[in-house]
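To keep things clear, I will list the structure first and then write my remarks on it.
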Amino acid sequence: MVKMDLLKVVRVTSGYGTLTVLNQVSCEVADKSLVAIVGSNGAGKTTLLNTISGILHPYSGKIYFKGKEINGMPPHEIARLGISHVPEGRRIFPNLSVLENLKMGAYLARENMKNGMLKKVFEMFPILKERKNQPARTLSGGEAQMLAIARGLMRGPSLLMLDEPSLGLAPKVVASVYETIEAIKKNGVSILLVEQNVRYALEIADKAYVLENGKIVMQGRGRDLLKNKNIKKHYLSLK
Amino acid sequence: MLDVVAQSVISGLINGLIYAMVALGLSVIYGVMDLINFAHGEFVMLAMYFTFWIVSFSGLDQTVAFLPALPIFFLVGVLIYYGMLNRTMGTPLSQIALMLGVAMVIRSFVQIAGGTAPKGLPPSFIFGVLNIGSLAISYSRVATAVVSLVLLIIVHLFLTKTYTGLSMLAASDDRTAAYLMGINVKRIYALAFGLGLALVTIPAAFLMTYQHADPSSYLRFGLLSWCIVALAGLGRISGIIPAAIIVGIAESLVVTFVAPEAHSLPIYLLFILVIWLKPKGLFGRK
Amino acid sequence: MKPRQFVPAFIVFVLIIALIPVFVGFNEYFILLATVVLIYGVITTAWNVMGGIAGQLDLGATAYLGIGAYVAGNMLIWWNITPWIGMFVGAIIAAGFASAIGYVMFRYGVKEIWYALSTLGLVEVLRVIFMLWKEVGGPLEKYLPRSKTDPFYYMSFGSYIPYFYIALIFLLITFLVNYRLRYSKIGYSMLALGSNEDAAESLGIDTRRTKLKGLFIYSFIVGAFGGFYACFCSFIHPNTDFNMNFALEIAVLGIVGGLGTYYGPLLAASILVSLKEYLRAVFGTIVLGIYPAIFGLAIILIILFKPEGLSSILKNVYIKLRKGGGTKHGRQQHS
Ligand SMILES: Nc1ncnc2c1ncn2[C@@H]1O[C@H](COP(=O)(O)OP(=O)(O)O)[C@@H](O)[C@H]1O
Ligand SMILES: [Mg+2]
């Protein structure tokens, strides 16, 4: 069965002012799938997510979400359509409490603070329940990443975009973050995952793209790429 | 001697509580938008004149005279945001110059419409004097201090308990992340600026229960508010109260023991010292 | 304007200004107006060193102006020392004071809006101190001694023409300092500092030193000019000399003129102060206080519709002229 594309990026060129970063990038996320975009530092992964979520506007190209053209829309309207972007570096609200952060996550779906959603999120991230009244700035790196993901889930998005969720985390913590990501996928949320941590990402991805210098240079099923010679050479063996 | 000190401190405490309310609007705008409203003192002055005109025209009591002014100020704030500040986001120098332009227009307006003579009102329904030992404090000042506390609590609850209030704090923490939550940050900024201006109408009305307004009132209330905001630091409303009390007491002690003309000196010295030594404020977060 | 084109343009500019008294038929009133414009021009152009080139929003111009005025004024009142010397002493004291304050501020990393507010607060602190300090200041206007026989020594002239030319000389010096600075090594450090402090630091620029240098030059000129200002007013008073609104106006003129250029502030001062004085002359007695409103509105309109500052208009005109007249339709595009 062919799944409908939830997100479709068509030949997008984007960047910062006069600096063009992305060059004719195309990719798709099928409904209920997990897509990974891997690439080294500075490849343009964050730029791609920022362009999808409306923080940046593409110079050319089109972005469709649920069949609707979204390029050029402001970020808060794109969020309203069901995209939840968990930005690089977590970007939680440091002076708000954990609970208040979650409340902001549910800004567009306030009923979720009262129905089962909050409970579900707390079940998924028990540590956040423990710390719910603490200011978010007091959380450890792993906890902060959990909060950022939890905040992104609070409004019940159809697409969750994660930007380097493993950045700066200890290996054990990374493993638990990835368990969580798989659990989220099982709950029926589509995921667009951006990573430098190639092994983990490819392992769980249904489909993956390799981004280099702002261009998609390779794509395929996650496990297939994992076996690819070039990938092995450039991203995996050099450890 | 001890008596004199105690009286001076009590009087300063009451003033400090009142000042907290005067600085509140500035603090909301600075806290949320990271924007210094250079016209804050002018708006306080303008609101005092509004109170005067409303009371003289309609015979309302000062204590409720802010009711018609409040929505007008809110609207003016929203208009200033969309018409001017929104178009100059990211260029703080331009924003400062813009607000100085607004300040000049207000000063002019007050002079043209109100003349240079001080404007005072007959006592409100709160009158009389509270005697503590040999210290006499008018009930209007006590009432103003109480109103100030109540207003600060209301604003604090608004900011921490409502979605709109929390999203203001969120936008102040991280503008981009706030956008990603689906918060229309521009709308939130417009609301914050409107709120910041609307909030000057209440202290202005209560100040008019025991004070005059004149075309130079802006000077006193402007710098006073900046000083309190600097002392309080960028933070939640709770920092304003101790900061304002310190200012009030310092001012009162200087008036009692140095010279009444020097009343502004401790405020500015405190202000300068604090931003030199503790630029994040005494009671701020971060 | 490139350095190469600067010299001829500058000479023409000086000649035109110097001939203003002739153009207005030696009408004292117009010369007074022109002198007021020059006064704003000098202070704003000096401010430009710190506010424009080095990008520090300084709102304390009249702190240094006031110190200069009080030093020169009191030297004349107490010891009968000519303001020509007083000006120099005032400049040194103002610059020393500014450097001491600046050293502490920059040491503690006071910057941006807090620098702005603390310099503004400084003006007010000084005003109050001089109000209370009866020996040198006090709440009464202190008139400077005058002499009909030796007006030069007392810098007290019966006509505005000498004031006009003294201010003009100040302007020329300030202008040249700005210009030299703009294209010097320290000027480049200042420009880098002004556009991005962190980036400047990563380029190895000692930002603290650079700020201090800027502040020193600026406060020295304004301090010296304070002595002239006292003589021009013929009295000293804390409200006149340590005037916050005056300091704010200076910064606004600098911003409106276009930051980082050396002629923008002067341009803004010429246009807006002329406008202001004109309005004062026309409306002053009819409706008291209308001119700040129009002045304020002019600032708002310029910021909203010419955010690059007035100097960009001059640039446009210049480019048009260079391109040989230009067309009547459409604007010249330039980058
Ligand atoms: N805010 C910005 N302004 C200008 N250039 C930027 C900005 N952010 C990133 N870049 C540049 O864009 C390129 C891609 O960056 P990014 O998308 O963050 O890469 P990645 O996320 O893959 O590490 C880099 O060369 C980087 O220097
Ligand atoms: Mg990145």
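Glycine is no exception: its Cβ is also placed from the backbone N, Cα and C atoms.
Database features, via TrEMBL:
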- C:7-24: transmembrane segment (TRANSMEM)
- C:30-49: transmembrane segment (TRANSMEM)
- C:61-79: transmembrane segment (TRANSMEM)
- C:85-106: transmembrane segment (TRANSMEM)
- C:113-133: transmembrane segment (TRANSMEM)
- C:153-177: transmembrane segment (TRANSMEM)
- C:215-238: transmembrane segment (TRANSMEM)
- C:250-275: transmembrane segment (TRANSMEM)
- C:282-305: transmembrane segment (TRANSMEM)
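Outside the transmembrane segment (C:7-24) by six or more residues, the chain places 1, 30-31, 34, 38, 161, 164-165, 168, 171-172, 175, 179 with a CB less than 8 A from a CB of the stretch. Within the chain carrying the transmembrane segment (C:113-133), a Cβ under 8 angstroms from the stretch's Cβ atoms is held by residues 56-60, 62-63, 66-67, 70, 101, 105, 139, 238-239, 241-244, 247-248, all 6 or more beyond its ends. At the 8 Å Cβ threshold, with sequence separation of at least 6, the transmembrane segment (C:30-49) comes into contact with the transmembrane segment (C:215-238) through 3 or more pairs. Among residues of the same chain six or more beyond the transmembrane segment (C:85-106), those with a C-beta under 8 A of the stretch's C-beta atoms are 60, 63-65, 67-73, 75-76, 115, 118, 122, 207-208, 211-212, 215-216, 218-228. Non-local neighbours of the transmembrane segment (C:61-79) in the same chain are 43, 46-47, 85-87, 89-91, 93-95, 97-98, 119, 122-123, 126-127, 130, 136-137, 142, 144-145, 154, 218-219, 222-227, 229-231, 233, 235-236, 238, 241-244, 246-247, 250-251; each lies 6+ residues outside the stretch with a CB under 8 Å from one of its CB atoms.
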